[in-house]
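What TrEMBL annotates here:
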ACT_SITE  B:CYS334  active site, phosphocysteine intermediate
BINDING   B:ASN271, B:ILE272, B:CYS334, B:SER335, B:ASP336, B:GLY337, B:TRP338, B:ASP339, B:ARG340  substrate binding site
DOMAIN    B:122-498  domain 'Myotubularin phosphatase'
Amino acid sequence: MLAVPGIDLLFSSVPQSAEFRLVPVWLLTLANSSGTITLRCKDLKVLQLEIPGMEECLNIASSIEALSSVDSVMMMYPFFYRPQSLKLEEGWHLFPLQQYFQQIASQVSLEGRDPAMLRSSQPLTGPNRKRCREDEMLLGTVLEEGERGFIIDTRSAQAAKQARMTGGGTEPKSSYPQWRRLHRGRPLQESFIKLVDACNDTAINMDRWLNRLESCRWLSHVKAALSTACLAAQCMDREEANVLVHGAEGTDTTLLVTALAQGLLEREWIKAGHPFHLRCARSAYSHARLKQEAPLFLLFLDCVWQLSRQFPFSLEFGERLLLTLFDDAYASAYGTFLCNNEKERCLCKVKENTHSLWAWLNQPGERKKYLNPLYLPNALVIWPSVEPQSIQLWQGLFFRWIRSSQYLDEAWAEIQRLVEGNEPPVKDSAGNRLSQSLSDPTAQPENGR
Amino acid sequence: MSCLLQIKQTGEHLKFSTSNKSLTGTLYLTATHLLFIDSSQRETWILHHHIAAVEKLPLTTSGCPLVIQCKNFRIVHFVVPRERDCHDIYNSLLQLSRTAKYEELYAFSYNPKQNESEQVKGWQLIDLAEEYKRMGVPNSNWQLSDANRDYKICETYPKELYVPRTASKPIIVGSSKFRSKGRFPVLSYYHKNKEAAICRCSQPLSGFSARCLEDEHMLQAISKANPSNRYMYVMDTRPKLNAMANRAAGKGYENEDNYSNIRFQFVGIENIHVMRSSLQKLLEVSGTKGLSVNDFLSGLENSGWLRHIKAVLDAAVFLVKAIAVESASVLVHCSDGWDRTSQVCSLGALLLDSYYRTIRGFMVLIEKDWISFGHKFSDRCCQLDGDPKEISPVFTQFLESVWNLTEQFPQAFEYNEAFLLQIHEHVHSCQFGNFLGNCQKEREELKLKEKTYSLWPFLLDEQKRYQNPLYNPDFSPELTLLEPNTVSFNFKFWRNMYHQFDRSMHPRQSVFNLIMNMSEQNKQLEQDIRELEAVSITKEVFCNNAASFHTNDTTVWPSTYSV
């Protein structure tokens, strides 16, 4: 039985047990070849459907093609998805911006000036080195007399220079004397596509695999993103300086860095206007190389995953949440990632007509699945290692459909069982010791006799 | 006769750096170790035997740099203020790290303060006769042969050898004359459910056309000893080209036409020289600081190291498929049957038999397929100052293959990574007698069992550290096959081996430590609750265990994030 009732494709097999399996599929591209449709999904799954009858097959293929290329936002699935357990309007106000800023403001006034992180887009200096008094004043107020600030430009020095030709540019030192500028250097979508391609090649020999892993440069991007974020955090933490982060538009790498450095999802990515609709349009299997497409959000999630590997106790959530966010950024039943910014969401009346992903995740039954049982609350800053040897390929994402994770899943379930079966007082005392040891900068004795 | 050096205070105010930190302190050289004590009184011990290479670098403004590379892949840098001192230290280290005689090795002076009966018991802990019995031999098809009881037939084989019942002494003798180094086909592992056997030997001295009736009868005996299957496999673990080249030297491989019912198969694994060079390249990569991801990956690719690990595991998978799926016996050989053959046979057995995935079982496996069957530990690990071309990381590759399996099957092994690393450490430390020498005959001549101690009881005493908290004994019921996925992307760089001492790279929070402590606490708690009633005593137990967890944790400065 194959039904194509709308946006979702439902198909089921009728095995002996007469159990129906509904698999919601987000469609991307397909290739016809005499009765077989190959569906390459945005979540990197690849499905092959054998349709008896050439005409049937072609009809289904064209329906799927049409439905998956829906352009209008308001025809998208979230506008129709109505799960029974949720009410519309729920979950949209979970992270009110005003509340957040109020919190920060009170902290600042009570505890003195904490270093702040700011983000923006590039200054429109242009080839004639224009100045803007208001901008200089604004940045000036952030700093006190004699304080230093760092501007982290997420573009390479060369790219930033070139930007001047098209009206953009960088902050000239003379106009912004208290700020020191640091550059970071990069085409992410190509990288993503190449990586997924390499992962799918299961016959590949070792040398070729390593070669492709290297040439796709995905891990280099992860390292660069992590380093930049850590650099920003280091500026703030060690030097107690304020940091301004910007790229070109202020909506891509900028967000990546600020979000990583602070670990804030909704505020940094969604409210600040990462253009999800453009960036997460087609994912890795698309033949259409959309100019605006870039898996920055995935890069962010990958970096978070790297952190969770290096600091398994420090994140409240587990890998499952990261995978869910990846899936939902590209194709979702929820409205959270729709459109490109707040303005568009208002126009499309997203909050009124779709459900929020957060509402779903926040339900007690669901929430539990995404939590990290090893989480031990710890207020200290975590400093990851960005050596290549410490950065791993996110197997849980890139090999999700390519090889079975059964043994790893079972092992993880065992870890959960062991940890959850433990008495809370024991976990706390272990956690306190751990927190203490993390704050202790002295290294342990090496290689005793 | 004593060449024990007195404790020499050779260098003050030396700078010592490893990972990112630089510390000042004093260097001491003892008879067995190098000891560095820094300004905070922290001690770093390095065994002289662990030293693979010492290098003096050009003089800098801060002093004379000295780089020490160890066999456990530890690299330490010293900066000695005065060049003359540096030169002295360099020469001393060169002398101390080279040994001319076995008796100079640490194992002969190591004294754990045990009495003689404990020492003897230590050596009896692993009994190979028991192991063969556990496997199911001797039986109607296989018997113990005493042909080699005085090492007359093969010097590098053990005294106790299992052969097919139909293999008479003349057949054994004749076959051994036709095999390189006299290493004729013998039993390595018997699979009692399939009634199939893993046998091992060396290459036949066939040249281009030579034949040997006894050798042909030997193989026939092996295939007849398997009632389930008429044919058997002969696996040559060399690349075909190498095997063919050997024919010109009067050696070579089995001609299917001459041997009835054999299926011949090449499963190419490169030789010891290629492996030595591969590791060297790998260490160059891992020894370079501040690498870009791309340089790291291309360096890794260039070394070919992971390719070799995959080749070894692929060969083992071929072997187990023959046994598990086709119930066919397999005869494995390489050139001399003590390197690649040991790798493939032991890995194969590990995949087939869950016993070898227990702590004790692993010790038995190493004793059997590596130690007793004459893998040349002394030559391969450079225990004495011998031929550098004999050095090769064959056993290291075996451990790394096992590690890859533990990563794929986290619940299938009773032991954890620390166990593998510790064994590796002691293979090179020469602190225990198990791995000294090249074969059993040599070990008997050195009287190792009387003069040195066995590693195994030492490890068993500490086995809590080596236990895998996720181990599930029911994961694979006895004799159920483990089937690893050997697609290239499954193989990872073993950071904890090659950067064991580079603390800045490792996750700072150890899940295993946490879990091991938790499950131990649980067990301890249950026991205490059963035994005691007082709440205050229970509380004391909590704190002690939490404290030991604290000391296991590693804490480091953050990496430097360069612009």
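Glycine residues also receive a Cβ, built from the backbone N, Cα and C atoms like all the rest.
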Taking residues B:ASN271, B:ILE272, B:CYS334, B:SER335, B:ASP336, B:GLY337, B:TRP338, B:ASP339, B:ARG340, which bind substrate in the record, the widest Cα spacing (Å, whole number): 12
Sparsest Cβ surroundings (other CB atoms within 10 Å) among the binding-site residues B:ASN271, B:ASP336, B:TRP338: B:ASN271
Distance from the residue listed as 'active site, phosphocysteine intermediate' back to B:ASN271 (substrate binding site), taken between C-alpha atoms, in Å: 9
Shell list (substrate; ref centroid = CB of B:ASN271, B:ILE272, B:CYS334, B:SER335, B:ASP336, B:GLY337, B:TRP338, B:ASP339, B:ARG340; cutoff 8 A): B:SER202, B:THR237, B:ARG238, B:THR341, B:VAL394
CB within-chain contacts under 8 A for B:ARG340 (substrate binding site), separation at least 6: B:THR237, B:ARG238, B:ILE269, B:VAL312, B:ALA315, B:CYS334, B:VAL394
Across the domain 'Myotubularin phosphatase' (B:122-498), average pLDDT on the 0 to 100 scale: 95
Cβ neighbours of the residue listed as 'active site, phosphocysteine intermediate' where a neighbour is any other Cβ within 10 Å: 28
